[in-house]
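J.: Below: one structure in structure tokens.
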Amino acid sequence: MKQFEIVTEPIQTEQYREFTINEYQGAVVVFTGHVREWTKGVKTEYLEYEAYIPMAEKKLAQIGDEINEKWPGTITSIVHRIGPLQISDIAVLIAVSSPHRKDAYRANEYAIERIKEIVPIWKKEIWEDGSKWQGHQKGNYEEAKREE
């Protein structure tokens with residue numbers, strides 16, 4: 001288990017939260033993003049995530065560094081699951097600790113936005129009558145390969 005990682009097994013929240021705890025931290029905010037059944041009136045059967053793992057983990061760690069620069073004293077742990085995920089499964093977990101709660105909340109929100117912007121993870125939504133790749137799956141893979 002690593003502080004910033006891509007996994008294929010179900011995410012266990014406590015072990016990632018523990019990465020962020022020490023005697024200086026007064027707040028820990030843990031966000032979990034789950035697979036929802038309905039999106040814009042369409043019923044999702046399940047999701048399939050893919051990632052360019054080496055670059056994805058590098059980018060997750062970069063987000064942790066960015067957070068520590070913006071909110072000194074914070075500690076971050078981020079994990080994203082890939083493969084097939086069923087309804088209610090945890091797809092992403094972000095744990096951020098800070099001496100004070102406001103920074104932990106702000107940093108956690110920053111992390112999920114940055115994941116969507118820079119991490120080469122691709123999501124396919126599967127419905128009863130079809131499927132579609134969602135998000136930034138065009139371009140990020142080639143960009144990720146160039147950055148490696």
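From the backbone N, Cα and C atoms, a Cβ is placed for every residue, glycine too.
Note that this is a predicted model, so its numbers are computed, not measured.
Swiss-Prot lists these features:
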type	residues	note
BINDING	HIS34, VAL35, ARG36, THR44, HIS100, ARG101, LYS116, LYS123, LYS124, GLU125	substrate binding site
J.: List the residues of the same chain that sit at least 6 positions away from ARG36 (substrate binding site) in sequence and have their Cβ under 8 Å from its Cβ, in sequence order, or write 'none'.
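T.: ARG36 (substrate binding site) has long-range Cβ partners THR44, ILE87.
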J.: Restricting to the same chain and to sequence separations of six or more, state which residues have a Cβ under 8 Å from that of HIS100 (substrate binding site).
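T.: Sequence-distant Cβ neighbours: GLY26, ALA27.
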J.: Can you give me the same-chain residues 6 or more apart in sequence from LYS124 (substrate binding site) with a CB-CB distance under 8 Å?
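T.: Set apart from LYS124 (substrate binding site) by at least 6 residues yet with Cβ under 8 Å, we have LEU47, GLU48, TYR49, GLU50, SER131, LYS132, TRP133, GLN134.
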J.: Record lists HIS34, VAL35, ARG36, THR44, HIS100, ARG101, LYS116, LYS123, LYS124, GLU125 as binding substrate; longest Cα-Cα distance in Å?
T.: 38
J.: Applying a 10 Å Cβ distance cut-off over all chains shown, what neighbour count does HIS34 (substrate binding site) have?
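T.: There are 12 such Cβ atoms around HIS34 (substrate binding site).
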J.: Other than its own, how many Cβ atoms are within 10 Å of the Cβ belonging to LYS116 (substrate binding site)?
T.: 12
